[in-house]
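One structure, pasted below without further comment.
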Amino acid sequence: MSKLTTGSFSIEDLESVQITINNIVGAAKEAAEEKAKELEKAGPTLFPGLESYRDDWNFKLLDRYEPVITPMCDQCCYCTYGPCDLSGNKRGACGIDMLGHNGREFFLRVITGTACHAAHGRHLLDHLIETFGEDLPLNLGQSNVLTPNITISTGLSPKNLGEIKPAMEFVEEQLTQLLATVHAGQESAEIDYDSKALFSGSLDHVGMEISDVVQVAAYDFPKADPEAPLIEIGMGTIDKSKPFLCVIGHNVGGVTYMMDYMEEHDLTDKMEIAGLCCTAIDLSRYKEADRRPPYAKVIGSMSKELKVIRSGMPDVIVVDEQCVRGDIVPEAQKLKIPVIASNAKIMYGLPNRTDANVDDVVEELKSGAIPGCVMLDYDKLGELCIRLTMEMGPIRDAEGITAIPTDEEFADWVAKCADCGACMIACPEELDIPEAMGFAKEGDFSYLEELHDQCIGCRRCEQVCKKEIPILNIIEKVAQKQIAEEKGWMRAGRGQVSDAEIRAEGLNLVMGTTPGIIAIIGCPNYAEGTKDVYYIAEEFLKRNFIVVTTGCGAMDIGMFKDEDGKTLYERFPGGFECGGLVNIGSCVSNAHITGAAEKVAAIFAQRTLEGNLAEISDYILNRVGACGLAWGAFSQKASSIGTGCNILGIPAVLGPHSSKYRRALIAKTYEEDKWKVYDARNGQEMPIPPAPEFLLTTAETWQEAIPMMAKACIRPSDNSMGRSIKLTHWMELHKKYLGKDPEDWWKFVRNEADLPLAKREALLKELESKHGWEIDWKKKKIISGPKIKFDVSAQPTNLKRLCKEA
């Protein structure tokens with residue numbers, strides 16, 4: 001890539017000089033803003049700023065869904081005035097209180113995640129424009145609405161790479177403004193930090209959308225393809241007889257050069273290339289638009305990074321960016337695995353060999369003279385990684401290098417355990433390692449083996465062990481058979497939901513006859529192991545919900561099989577339809593999940609997308625039954641993704657660790673004034689049921705999460721058939737997993753047709769006896785009782801300005 005340098009030149013003595021100015025920084029955005037102003041139909045918030053959504057939408061959400069703060073500690077250590085004790089409603093030296101400080105802490109996580117995705121998008125956009133040119137069309141499948149998140153924010157509907165640049169500049173500009181508010185002596189009100197966090201969440205989905213649409217277009221990924229190929233997944237899929245290149249991270253740009261080199265030199269069947277985290281998902285999408293037989297494999301999520309390294313299987317490791325462990329170099333160095341850093345965001349202190357000759361770098365790394373290197377030239381990267389893997393494979397195979405102990409070493413380590421319990425205290429998942437070690441001493445290794453799936457591979461246990469027992473290696477030793485059999489299938493990320501699919505399902509979603517969209521996303525910080533998300537997905541799929549998934553969740557769902565040996569991806573269709581399991585793609589593909597909800601409003605309801613976030617979000621909150629699940633959320637990106645869903649009116653359930661994010665958004669269902677909206681036909685207030693009753697909350701167990709999510713798909717606009725279907729699922733799931741009927745089911749009944757058909761008579765009796773409702777038993781109709789009346793033509797909205805009288 002050419003580098004810009006400063007300098008000057010004179011044209012005084014030159015004749016017939018023509019100067020061409022190719023690009024002025026910021027000019028694209030300015031031109032786009034002027035173009036957006038000319039739109040015939042547009043909402044009030046084209047190119048919004050920090051304040052744009054505050055009063056019209058964000059504060060309305062935050063009034064109903066009040067922030068519940070969960071501080072990690074009572075101190076603020078932000079500046080040299082501190083540390084300040086903020087307990088007991090005290091204020092710090094700068095004047096900030098605990099609410100404001102906690103709001104800032106949550107907000108900081110959100111903008112960090114937003115920046116991560118935006119920087120990912122900027123890197124890909126610049127690289128792909130340099131490689132393919134600005135005119136490369138955004139071919140994303142059979143759709144006209146290509147970039148709903150970009151359109152909502154800017155009014156723009158880009159059709160090629162170059163037209164995306166103004167949206168990218170917009171996100172970057174607003175991120176700078178947002179980051180400035182974190183400085184000491186800036187914002188101090190918790191409610192305004194929450195509003196800014198919601199705005200940042202909306203920007204995050206723009207950044208993610210940019211990241212994914214440019215790579216789908218340039219790298220020939222599947223394009224809204226429900227039949228995208230099935231990809232092998234799991235540690236057991238790796239052929240140990242072949243040299244193995246392991247790639248880790250989220251930015252697939254450099255990996256495509258490695259795959260190209262493999263194909264050009266006929267090496268696809270002579271070595272293995274597989275990945276961890278979202279780079280794995282995206283390398284399995286590369287050139288799969290025509291459904292060619294895939295050869296790249298997926299190992300799994302971040303929780304498997306250290307396990308894979310300790311196994312000794314990789315011959316070379318390449319890292320790019322995001323969710324990459326900080327100890328990969330020292331861990332790999334112990335096992336003679338060279339590490340190559342391919343992105344400037346992670347360089348690990350390694351020597352930079354970007355300008356070096358590839359032959360020389362191969363020799364340096366092969367000899368062990370350096371543990372790894374930085375290589376930012378993608379052409380060289382592709383050659384270096386493949387050649388090095390092919391040479392390191394035989395060398396490491398001959399030495400049989402692995403961190404897994406021998407039987408004798410295993411017995412010695414187990415015998416050393418003093419049963420002090422320090423490992424269990426240090427474990428984020430509180431795994432009972434001492435108990436498992438105790439049984440292992442007696443020859444029963446099943447308890448240790450059970451820990452394999454539950455362990456997130458963080459090695460905190462090892463660092464506190466007084467006996468210096470390599471506990472992770474011990475667990476992996478007894479799980480060798482389990483690891484060898486870890487072979488599943490994951491459908492390659494298919495890309496966005498097509499316009500045709502939205503047209504087919506839009507009415508069902510708004511009326512409620514499709515019970516809802518369940519979005520399983522996020523990280524692998526599971527409290528009880530990866531199978532939780534499999535159980536959740538299976539339950540909702542069997543009940544005809546649409547289950548969409550991305551990232552770690554998409555991978556972990558594919559790890560398990562039923563009694564017939566089939567994964568969920570083999571059992572259920574890949575289309576956006578009732579009972580469909582839709583792997584959208586990697587983390588950045590999450591933008592297509594919110595995009596699908598936005599497209600329901602735009603395509604089915606003909607609402608204007610351009611600069612119209614509040615109206616679109618209002619429509620989704622009142623009409624589109626959807627709920628997200630980030631069961632293992634750990635990262636800042638997870639908080640920004642979830643917050644971007646929240647501003648759109650989409651609730652999200654997080655796992656038990658997620659109280660550490662410091663903030664939830666939970667409504668008080670007993671405050672009836674909070675559960676009123678306007679009828680857009682006449683501007684009159686109308687009561688609605690308390691649904692969804694949260695925008696962001698946590699659950700302790702997957703059994704608790706399932707009925708919570710089913711309930712969160714209830715919407716005010718459900719027709720009677722839809723409400724009956726949703727109540728049936730919610731009540732059955734509540735009974736199945738929590739052992740009793742929900743206490744507040746009656747609040748969602750508007751007339752007898754809303755009741756679950758199979759239990760209608762019994763529920764009518766309960767309404768009469770427990771709640772005093774009047775029932776006509778001859779006609780089996782409700783005469784009086786419900787506070788909410790059903791009106792199929794009602795137009796619920798939270799925005800007074802959308803009412804006809806306004």
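Cβ coordinates are placed from backbone N, Cα and C, and glycine is handled just like the others.
Straight from Swiss-Prot, here's the annotation block:
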- Cys73, Cys77: [4Fe-4S] cluster 1 binding site (BINDING)
- Cys76, Cys79, Cys84, Cys94: [4Fe-4S] cluster 2 binding site (BINDING)
- His117: CO binding site (BINDING)
- His250, Cys278, Cys323, Cys523, Cys552, Cys587: [Ni-4Fe-4S] cluster binding site (BINDING)
- Cys417, Cys420, Cys423, Cys465: [4Fe-4S] cluster 3 binding site (BINDING)
- Cys427, Cys455, Cys458, Cys461: [4Fe-4S] cluster 4 binding site (BINDING)
- 407-436: domain '4Fe-4S ferredoxin-type 1' (DOMAIN)
- 446-475: domain '4Fe-4S ferredoxin-type 2' (DOMAIN)
Do you know which of the binding-site residues Cys79, Cys458 has the most other C-beta atoms within 10 angstroms of its C-beta?
Cys458
When the number of other CB atoms within 10 A of each residue's CB is tallied over all shown chains, which of the binding-site residues Cys278, Cys417, Cys420 has the maximum?
Cys278
Given Cys323 ([Ni-4Fe-4S] cluster binding site) and the residue listed as 'CO binding site', what distance in Å do their CA atoms have, once rounded to a whole number?
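Counting only the Cα atoms, the answer is 12 Å.
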Tell me, how many other CB atoms lie within 10 A of the CB of Cys455 ([4Fe-4S] cluster 4 binding site), whichever protein chain they belong to?
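I get 26 for this one.
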What does the structure give for the C-alpha distance between His250 ([Ni-4Fe-4S] cluster binding site) and Cys79 ([4Fe-4S] cluster 2 binding site)? Integer Å is fine.
33
Which of the binding-site residues Cys278, Cys427, Cys465 has its Cα closest in space to the Cα of Cys79 ([4Fe-4S] cluster 2 binding site)?
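Closest recorded candidate to Cys79 ([4Fe-4S] cluster 2 binding site) by Cα: Cys427.
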Across the domain '4Fe-4S ferredoxin-type 1' (407-436), what does the mean pLDDT come to, as a whole number?
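Here the mean pLDDT over the domain '4Fe-4S ferredoxin-type 1' (407-436) amounts to 97.
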Highest CB neighbour count within 10 A among the binding-site residues Cys461, Cys465, Cys587?
Cys587
Across all chains shown, how many C-beta atoms besides its own are within 10 angstroms of the C-beta of Cys73 ([4Fe-4S] cluster 1 binding site)?
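Its Cβ has 11 other Cβ atoms within 10 Å.
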Have a look at the binding-site residues Cys76, Cys420, Cys461 and say which one has the shortest Cα distance to Cys587 ([Ni-4Fe-4S] cluster binding site).
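That would be Cys461, the closest of Cys76, Cys420, Cys461 to Cys587 ([Ni-4Fe-4S] cluster binding site).
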Quick one: which residues besides His250, Cys278, Cys323, Cys523, Cys552, Cys587 have a Cβ within 8 Å of the [Ni-4Fe-4S] cluster site's Cβ centroid, in sequence order?
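Surrounding the site, in chain order, are Cys277, Ser301, Met302, Gln322, Gly551, Ser586, Ser635, Lys637.
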Counting Cβ neighbours within 10 Å across all chains shown, tell me which of the binding-site residues His117, His250 comes out on top.
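Checking each of His117, His250, the winner is His117.
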What binding-site residues among Cys73, Cys84, Cys94, Cys455, Cys461 are found with a C-alpha within 10 angstroms of that of Cys423 ([4Fe-4S] cluster 3 binding site)?
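Candidates kept after distance check: Cys461.
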Taking the centroid of the Cβ atoms of Cys417, Cys420, Cys423, Cys465 ([4Fe-4S] cluster 3 site), which other same-chain residues have Cβ within 8 Å of it?
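Nearby residues not in the site list: Ala418, Asp419, Gly421, Ala422, Ile433, Pro434, Met437, Cys461, Val464, Lys466, Lys467, Ile469, Ile471.
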Here are some binding-site residues: Cys77, Cys427. Which one has the most Cβ atoms within 10 Å of its Cβ?
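Highest number of other Cβ atoms within 10 Å: Cys427.
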For each of the binding-site residues (Cys76, Cys323), count the other CB atoms lying within 10 A of its CB, then report the residue with the highest count.
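Ranked by Cβ atoms within 10 Å, first place goes to Cys76.
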